[in-house]
Amino acid sequence: MNHQQQQQQQQKAGEQQLSEPEDMEMEAGDTDDPPRITQNPVINGNVTLSDGHSNAEEDMEDDTSWRSEATFQFTVERFSRLSESVLSPPCFVRNLPWKIMVMPRFYPDRPHQKSVGFFLQCNAESDSTSWSCHAQAVLKIINYRDDDKSFSRRISHLFFHEENDWGFSNFMAWSEVTDPEKGFIDDDKVTFEVFVQADAPHGVAWDSKKHTGYVGLKNQGATCYMNSLLQTLFFTNQLRKAVYMMPTEGDDSSKSVPLALQRVFYELQHSDKPVGTKKLTKSFGWETLDSFMQHDVQELCRVLLDNVENKMKGTCVEGTIPKLFRGKMVSYIQCKDVDYRSDRREDYYDIQLSIKGKKNIFESFVDYVAVEQLDGDNKYDAGEHGLQEAEKGVKFLTLPPVLHLQLMRFMYDPQTDQNIKINDRFEFPEQLPLDEFLQKTDPKDPANYILHAVLVHSGDNHGGHYVVYLNPKGDGKWCKFDDDVVSRCTKEEAIEHNYGGHDDDLSVRHCTNAYMLVYIRESKLSEVLQAVTDHDIPQQLVERLQEEKRIEAQKRKERQEAHLYMQVQIVAEDQFCGHQGNDMYDEEKVRYTVFKVLKNSSLAEFVQSLSQTMGFPQDQIRLWPMQARSNGTKRPAMLDNEADGNKTMIELSDNENPWTIFLETVDPELAASGATLPKFDKDHDVMLFLKMYDPKTRSLNYCGHIYTPISCKIRDLLPVMCDRAGFIQDTSLILYEEVKPNLTERIQDYDVSLDKALDELMDGDIIVFQKDDPENDNSELPTAKEYFRDLYHRVDVIFCDKTIPNDPGFVVTLSNRMNYFQVAKTVAQRLNTDPMLLQFFKSQGYRDGPGNPLRHNYEGTLRDLLQFFKPRQPKKLYYQQLKMKITDFENRRSFKCIWLNSQFREEEITLYPDKHGCVRDLLEECKKAVELGDKASGRLRLLEIVSYKIIGVHQEDELLECLSPATSRTFRIEEIPLDQVDIDKENEMLITVAHFHKEVFGTFGIPFLLRIHQGEHFREVMKRIQSLLDIQEKEFEKFKFAIVMMGRHQYINEDEYEVNLKDFEPQPGNMSHPRPWLGLDHFNKAPKRSRYTYLEKAIKIHN
């Protein structure tokens, strides 16, 4: 327990009393002493290190500070005078400082009693908050007379920044420790001892490669079980060699699973740091969500090896995976009384072993090959011999070199309707002889296996942590692979500690146990674990992976240096041609020439670089930065190369990044002759852009730009405009100034100067002109002003078919001033249908999908429908095509139900009865939508079904408004059979029949109504049921029949029972309860619906 929390708890009123001295024998987990951190200096005491439990396997390095365990002592002198906490000097384990903390503990409610507080502290002086280290420890007060009488307690704790000490505030009564007769104190000295075993720490500079020779894998999310599997496959060296040899030269780097696996294996072999797996999971074609879905390691192993095996076909390593992992077994059924036997040989790549109720792996194998007796109701159908008593079992023909054993730790619990984890103890040996389970043994090659990998899960069915213990070279020297951290461990930690089950030793947690084992055949050990050297990796693969690394390093460097650079986007004048909107170009469609420029470089340096890149001398180019104006437009502005040449780019751009510049150049046809750009006087000249509008084509034509003095009159520009547009001189023109979106002003007076004719004259102003032609009045948009107004209201809308999931739809350009009918007419033309046969739906604001339907008399505009969309968000509406006019359709309601056809098959249909109608109207609509049987009554009925049972038949005059839909109920329409049209209510009855298997609450299948007669023999009822369900006699013999009432069932004696209608009537006084029903008890052969959500869907590799 962390002692700071302990002190805080004791300060609260009404705290729980701490254990008295006689309670000292309780387990560490039985006390809730919470902890606190003090950093008092060591005031007295000495530390002694002892070899204790040290293991020669562990001490791989000379530097003992990296060891995994240690025993150290701390002697506190003048113990009787101890008044505050004391700390021992540090003992380094896993390169972290561990200290003994001792303190006297006083209790406000018991001032004459105190106890000894004893804690283990880890890494307390570190400023880091990200470190953690799990450890187990034995805390002991030494008895100097008899060590066997020393007092000890165990702890197991995850040490981290917030809880960096753990132990007991009432470890032992003060009076016992200081009693000379007890043997704990000698000359006022008490010796405290700690034996600590620590896992490799996380969040600190742990060098896995240095301490083990291997590196780990980064944890990518809920796929950490995948890390365990990948390490297991990596250390199957023969497989690793084969993966390297797969030809991947032409593979897509992002989609090739073999290449991604080669990459992971190569980095595990050569990297000094943990290796990432994101490229591998990306190659699987996984969605974002997929990589966080907890799955069974067997499932991923099988799918991954299948994928690789298929891609090895036709290569030099074809057959490697079957050679390593495939075994053969035979499933047999042997009849006892007739000469009949059925054998089926099959391959397997892993074996699933049941562990429930089994002590060890041998008992599981015995259970796996145990003979099952097929007798009684479970006899075997031996064809012409009929049902026979038989024996069923499996025998192993061969066992593979690499044996994957899946321990069934996770099982379905029918009581809770979910999977549970079995944490029972289950033992497995380091050496596993399996000859006794083979049908035929080979004396020259006994089936003796060596344990190679132990895959371990800590936690429950809902989640937890995965690690793998590996014996990489098969020599008994084990390592623990915990995601990115790899550490050496003892054989005991790898094997015995992962048996599972309860253990008094807190170093083994109850929920931590093995779920998969990998054994390698002893005779194949050297072959499977053959050394993999650089010579086994194709040179072209090495070069490709190294080039990838170089590119990644370059990109990483660019990201690190990105703050030093800015982007300059150059737009040339040819990008203005063809633009049909406001300003000079569409920012989403324009093609820029992008330069990466140092922010502190000068304009002069950039112009020089730009000149060289674009191939124009500096006197043939001029830069015009695109400047955002206050009215929302973006126009070119003057940049003085001479005056601003020494200014930095970031200064000139006013921190705009990317910075867009219009690059003016000499006409390329004149550039070769040495022509230069005309002079531009920034104080007296202005640059204007010209557009010509053609009302006949409703289009704009870019007519270039001009320099002109500010004092120039509008009339002086008319000849230039006529020339640029290809009009004859003196053509009468109408001129407009394009001010901003939805504001285009006509220029009335051509005899005034530019600064008076144009509003706030600036460089980059746009003049739009058109012919003054009376024929323009016949055009839909006769003037440029109307064109720009229409453009302002123009909107692209995506229309998606509501009835098609994920329909991409089609785009229609509309005006947001359109009303409902105008929109419907436009969409109907696109769909080649009648506007009245369309219904439209708004888009839901909170998610992508159809919302409420629009009525055909909607009075708003398209703008009103789209007002909640964000500016750059795609505008979307939904539609569905109708079979009746919308005016009629809106007076009807949508009614989803099931139609049961004459072949006793169900199909879902949607009907549209009058919303104020009754069941009769619904049935009439159904007659129009379905095909009735030839030999039936032609009359329909509406049933209500809950949990696969019919709970009622609705009367024809019942209002549809009373039928409320719900997820728990289903409405079904069916044709009334001829024998059920007229019922003799005195002697006959319609009863509900439903299917179940063993439990009446587990109904399934299609329920139905059946006519029965008072006094008829039940065999007659059975014949009608068999005929209706069209079941073979042999299958029908397995059915049992029961009368079910109030959740209880009573089986019918088929040979004796005669129908009594009272058995199917509600109990007197309980008319509100459902009627009894006839249950058909038989096995459900239909595939069960998945119990699981999307998060538990089957794993799949898509590439």
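Note: Cβ is positioned from N, Cα and C throughout, glycine not excepted.
On a predicted model such as this, the values are computed, not experimentally measured, just so you know.
Looking up Ser50, Ser253 in Swiss-Prot for phosphoserine, the annotated residue turns out to be Ser50. When Ser19, Ser150, Ser342 are compared in Swiss-Prot, the phosphoserine annotation sits on Ser19. Checking Ser54, Ser254, Ser1072 against Swiss-Prot for the annotation phosphoserine singles out Ser54.
Ranking the recorded positions His465, Lys870, Lys883, Ser964 by Cα distance from Lys1085 (N6-acetyllysine) puts Ser964 first. In the domain 'MATH' (69-196), the DSSP tally of helix, strand and coil residues is 14 helix, 77 strand, 37 coil. The distance from the Cα of Lys870 (ubiquitin cross-link) to the Cα of Ser964 (phosphoserine) comes to 36 Å. Packing around Lys1085 (N6-acetyllysine) is summarised by its Cβ count: 8 other Cβ atoms lie within 10 angstroms of its Cβ, all protein chains included. Between His465 (active site, proton acceptor) and Ser964 (phosphoserine), the C-alpha separation comes to 47 Å. Lys883 (SUMO2 cross-link) and Ser964 (phosphoserine) have their C-alpha atoms 25 Å apart, to the nearest angstrom. Look at the Cβ of each of the recorded positions His465, Lys870, Lys883 and count the other Cβ atoms within 10 Å; the largest number goes with His465. The Cβ neighbour count for Ser964 (phosphoserine), using a 10 Å radius and every protein chain shown, is 7. A coil conformation is recorded for Lys1085 (N6-acetyllysine) in the three-state DSSP classification, outside any helix or strand.
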